[in-house]
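Take a look at the following structure, please.
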Amino acid sequence: MNLALQQGYGVVSKSGFTPGFDGVDGSLREFRVGSVKVTSTARQCVLRVSDRGGLRRRVGGKESGGVEGGRCSSSRPRSVTARASLLQGLGGSLKEGYVLKNHGIVDETTEVESTGDVIEKLKKGFKHFKDTQYNQKPDLYAKLAEGQEPKVMMITCADSRVCPTMLHGLEAGEAFIVRNVANLVPPCEGSGEHHGTSAAIEFAVTVLQVERIVVMGHSNCGGIKALMSRDTYSGDFVGSWIRIGLPAKKKTLSLFSGKPFQEQCTFCEQEAVNVSLANLLTFPFIEERVKTGKLHIYGMHYDFIEGQLTSWEIEREEVPIHA
Ligand SMILES: [Zn+2]
């Protein structure tokens, strides 16, 4: 399962065994982009601000509140006028014919309807989080308002069944997480394209200085199924992305050519993780830190059918010295 790794590295088996919001003032702003008829040449911007002003949070025994220009104002209560002027500037990059409809701010005091609508569910979920987490851990959220110092970066699939913060019992601030199709890491390349995953890796390693990177695959991965079943990988975004895993497909077909497709996919899900681990080592700032022991990289596979987690890690091989 480790042929994707470059010479000098081996796999060590260790078998054994997740919200976006304003972390400074602990509220959730919600917008919906709608299509409208624009009757004049000037873009219309409709923003109805709903704010009950004066809501404050208690941090370390002191009241604080108010966000102006994205910075926390420690002494003044939240200003409706300031927030309104902040919101008025949003949405300028929308194409003509679209405006923002502001739904206001959600916090623990907001009345949320029970319509069964998924957006209402998100708002209710946030209210629950505010009550049971944010308000209960003022020291943690005050510290997180100052900055983040996660020790681990996780790269997992965007699949809705794979939720790393929930699976691993992580608190806010503990893990820097990137989720993409089939949890793939591309090789280091400077093509100047939109390298979202590579940018996140660069930031996590060189700025946040995480000490561990975990790439976690999972059972029944649709991205891996597509990788295994497709003949061509051009013409759409998914195809050009999942082709990163082609070395894993090649390895799978060389070992499991006569086996059932499901079995092939299970193997490929894990070998694609190793392709990603190998690609991590193509980033010079990663290999340098791995060589000096400052960074360790791990593979995991979450099987949600059996309810199991398998893990392994990359270690440098001892190279024998020949006289
Ligand atoms: Zn997946």
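Every residue gets a Cβ built from N, Cα and C, even glycine.
Curation plays no part in TrEMBL annotations; they are all automatic predictions.
Quick paste from TrEMBL:
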BINDING   C157, D159, H218, C221  Zn(2+) binding site
Same chain only, sequence gap of 6 or more: which residues have a CB within under 8 Å of the CB of D159 (Zn(2+) binding site)?
H218, C221, G222
Other than C157, D159, H218, C221 themselves, what residues in this chain have Cβ atoms within 8 Å of the centroid of the Zn(2+) site's Cβ atoms?
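Near the Zn(2+) site, beyond C157, D159, H218, C221, sit T156, A158, R161, V162, A182, N183, G217, S219, N220, G222, G223, I224, E269, Y302.
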Among the binding-site residues C157, C221, which residue has its Cβ surrounded by the fewest other Cβ atoms within 10 Å?
C157
Inside 10 Å of the Cβ of H218 (Zn(2+) binding site), count up the other Cβ atoms and send me the figure.
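So the number of other Cβ atoms within 10 Å of H218 (Zn(2+) binding site) is 25.
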According to DSSP, does C221 (Zn(2+) binding site) sit in a helix, a strand, or coil?
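Its secondary structure by DSSP: coil.
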According to DSSP, which kind of secondary structure is C157 (Zn(2+) binding site) found in, if we only use helix, strand and coil?
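For C157 (Zn(2+) binding site) - judged by DSSP and reduced to three states - the answer is strand.
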